[in-house]
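Below are the structure tokens for one structure; questions will follow.
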């Protein structure tokens, strides 16, 4: 004979469907009975975006996965939740693991089974995201042109032709200007991922110019030895004001020549 709980499990019936609701602003919260206890707000990192959810402090990580299914479309069986660098089991409780209000967690997806066809969800963009993507696209066009000029310089240097230093300086300054433009773009989701990829591309071109400049200055150096270029970049994670380009460093190569002594 089932108890008066209507067949609920020992977890107090939190497995039942329909207990989660969407509040204004997109926040997912669990409907709380009188004895459900206080709720905690959590921020879950998933891909290039964040999901804000609210669950009872006494909930398990398994119950949190079911909430995230509604927000991400990823089934609980394919979710991997990490807190403080450690993966958490479904039966572990949030409060015993030290999860408090405002805590941040990481959500990774397990590969879908080969025999299960994945649902392709259309990517929806709001107006701000579209504007950010367009801004990144304009920078990408400029970087394409600068990249072609870097390739021309590389061909000249590798062919042994002397190139004026001002060509390296001008191209580096133009690329740094594009970095500043990228830093001024406030982006989330897909736009943020595009901006990050373009930042890495520009950084790579600047480092290539550093190496070419060093080789151009020492055309007779041992070409089997690579020129070490130490350029430090600050990670673009926050958007505005995250760029602190380092001062240019002059790379140098050492030439060690061993002379044979003739007696």
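Note that Cβ sites are derived from N, Cα and C of the backbone, with glycine treated the same way.
I grabbed these lines from TrEMBL:
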- 1-13: compositional bias 'Gly residues' (COMPBIAS)
- 1-22: region 'Disordered' (REGION)
- 38-110: domain 'Ubiquitin-like' (DOMAIN)
- 142-213: domain 'BAG' (DOMAIN)
- 240-263: region 'Disordered' (REGION)
- 250-263: compositional bias 'Polar residues' (COMPBIAS)
Per DSSP, what is the helix/strand/coil residue tally across the domain 'BAG' (142-213)?
61 helix, 0 strand, 11 coil
If you run through the domain 'Ubiquitin-like' (38-110) with DSSP, how many residues end up as helix, strand and coil?
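For the domain 'Ubiquitin-like' (38-110), the helix, strand and coil counts are 15 helix, 31 strand, 27 coil.
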Within the domain 'BAG' (142-213) only, compute the mean pLDDT.
90
